């Protein structure tokens with residue numbers, strides 16, 4: 001059994017899951033999901049904007065019996081897109097994800113972005129729309145359509161605003177977090193309110209100029225541990241009880257990425273990796289969203 005985290009909602013979530021951003025096309029999705037299930041993954045992260053929910057749902061319907069698994073044996077996360085924010089929109093969006101995935105419920109549903117589509121970053125409507133969205137998701141939670149609620153890309157200001165008014169607290173905050181981008185203030189706020197911090201882009205960027213994977217210190221520790229740079233970066237996170245969502249379509253990399261519980265980084269290695277922080281975003285920065 002892989003390590004898991006008990007969320008505020010009372011439900012367990014695996015500490016590691018498979019990210020599916022940019023994994024599209026049924027054949028590609030099927031092969032990726034098959035390799036992931038064979039390697040031991042039981043958590044899968046998608047979103048309406050990824051446009052792969054239908055293929056993931058189809059693949060799981062075929063693959064779960066093959067691996068002698070049932071729906072309750074896996075953890076499925078999806079997300080409310082920026083174009084789906086607001087009253088009535090959010091509940092319809094959740095229903096759409098459920099239908100596309102072929103599920104009666106989701107294990108976790110996140111507001112993907114603190115802003116709404118087509119609004120300027122400083123527009124006050126962002127606050128109104130995300131509050132309306134959360135109220136709708138709270139209703140869905142009460143109706144058992146989703147087991148846990150959370151947010152993604154929220155900064156402390158966004159999170160504190162939500163915590164001041166919500167009836168159901170977020171169980172998860174998903175953000176970009178790795179040794180080149182250590183968001184200490186966000187992690188401290190999550191720890192204070194017992195919100196699980198889940199990292200995306202733990203390995204930096206997927207392009208050939210990936211400065212995180214190629215960081216000399218990461219490579220040095222990798223060689224010392226006889227593990228890949230990716231495994232070192234993932235271990236750095238999970239050793240702090242930060243969830244991770246490595247993404248790959250390569251079966252070897254998929255298997256390698258989940259093998260991060262068979263070794264431990266020393267205190268010195270953890271410190272050295274944390275010293276690499278220079279606030280480098282490889283993905284999106286929500287700093288301008290009001």
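Note that Cβ sites are derived from N, Cα and C of the backbone, with glycine treated the same way.
TrEMBL has this to say about the protein:
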type	residues	note
ACT_SITE	50	active site, proton donor
BINDING	112	substrate binding site
DOMAIN	16-276	domain 'NADP-dependent oxidoreductase'
SITE	79	site 'Lowers pKa of active site Tyr'
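Listed in sequence order, the residues of the same chain lying 6 or more apart from residue 50 (active site, proton donor) and placing their CB within less than 8 Å of its CB are 20, 21, 22, 23, 24.
Residue 112 (substrate binding site) sits 5 Å from residue 79 (site 'Lowers pKa of active site Tyr'), counting Cα to Cα. The predicted model assigns the domain 'NADP-dependent oxidoreductase' (16-276) a mean pLDDT of 96. Each of the recorded positions 79, 112 was ranked by the number of other C-beta atoms within 10 Å, and first place falls to 79.
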